[in-house]
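Asker: TrEMBL lists these features:
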type	residues	note
TRANSMEM	12-33	transmembrane segment
TRANSMEM	39-57	transmembrane segment
TRANSMEM	64-83	transmembrane segment
TRANSMEM	115-134	transmembrane segment
TRANSMEM	140-158	transmembrane segment
TRANSMEM	170-203	transmembrane segment
Amino acid sequence: MIARYASQIQFGIRTLMLLAIWMLFSNIAFSQFFLNHELLKLGLLGLPLAALFCLIVTSKFSRLSLFLCDTFICILGLFFYVNNHLADGLLLLIDFGAANLLALTHLVDEPHCQWIIYGVINGSGIVFLFNISYHHYFSLVSLMYITLLIFANIFFSFPAFMKKNNQSSLWAILVVILIICFSLSISFTRILGISIILAFYLFFELRAHAQNEDKHQNISLFCQLLFALITFA
């Protein structure tokens, strides 16, 4: 019983961490998510959405948990679509549909494809909506931030989908992440901090070989949150 509660608490913390990562990648002041009415509504929508993406990378999850996440997303999403253009939320709908496709079907059963799809859909739609709702436009810089989010998702979600270490792929993604950071004119000090986080995570995945799934997910999300904090805070 205690182990079950501990697992649920860990899952709740991971959900909040993932939502915080999405908020940081929107590059909007954190306080605005509590002061701006539209961002507050999207933040509430982001909670069950973050829970859904945390479920996807869990090897064993209950269909009831998935159903509850989907139900809350549909209810909160309906309130959003009533007051906004359908086109604004199209990317979020695609993310939601693809997430359920990964969770419920074997249509995509190749690990590399699952890994890349998860990286692309994990937060890209909600971060896009954060920007549209707050700025009322979408800039090239915002697109670069979402691109950075996608590559960070792919890098940090590696153990959830790939059972064998592939050093060349991880090193290539690490280099791409650093190139995007340089193109965004992020300061040298921040890039140095980012490099340390990426190198630590790479060392952990390639050397530590942790077998505990919760430990993998906790460290992955914690490192990605540190990455986001160093980049945007």
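Each residue, glycine too, has its Cβ placed from N, Cα and C.
Are these features on the surface or tucked inside, and what touches them?
Answerer: Only residues 6 or more beyond the boundaries of the transmembrane segment (12-33), in the same chain, are considered here, and those with a CB under 8 A from a CB of the stretch are 39-40, 43, 46-47, 50-51, 53-54, 122-123, 126-127, 130-131, 134, 141-142, 145-146, 148-149, 217-218, 221-222, 224-225, 228-229, 231-233.
Listed by sequence, the residues of this chain that lie at least six past the ends of the transmembrane segment (39-57) yet keep a Cβ under 8 A from its Cβ atoms are 11, 14-16, 18-19, 22-23, 28, 32-33, 65-66, 68-70, 72-73, 76-77, 79-80, 95-96, 99-100, 102-103, 118, 122-123, 126, 129-130, 133-134, 157, 160-161, 217.
Sequence-distant contacts of the transmembrane segment (64-83), counting only residues of its own chain at least 6 positions beyond either end whose CB sits under 8 Å from a CB of the stretch, comprise 41-42, 44-45, 47-49, 51-52, 55, 89, 92, 96, 100, 103-104, 129.
Same-chain neighbours of the transmembrane segment (140-158): 21-22, 25-27, 57, 115-116, 118-120, 122-124, 127-128, 131, 166, 169-170, 173-174, 176-177, 180-181, 183-184, 198, 201, 205, 220-221, 223-224, 227-228, 231, counting only residues six or more beyond its ends whose CB sits under 8 Å from a CB of the stretch.
Here the transmembrane segment (170-203) has Cβ contacts under 8 Å with residues 141, 144-145, 147-148, 151-152, 154-156, 158, 219-220, 223, 226-227, 230-231 of the same chain, all six or more residues outside its ends.
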Asker: Looking only at residues six or more beyond either end of the transmembrane segment (115-134), which have a C-beta under 8 A from one in the stretch?
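Answerer: For the transmembrane segment (115-134), the list is 18, 21-23, 25-26, 28, 32, 36, 38-39, 42, 45-46, 49, 53, 56-57, 80, 84, 88-89, 91-96, 98-99, 102, 108, 142, 145-146, 149-151, 153-154, 157-158, 160-162.
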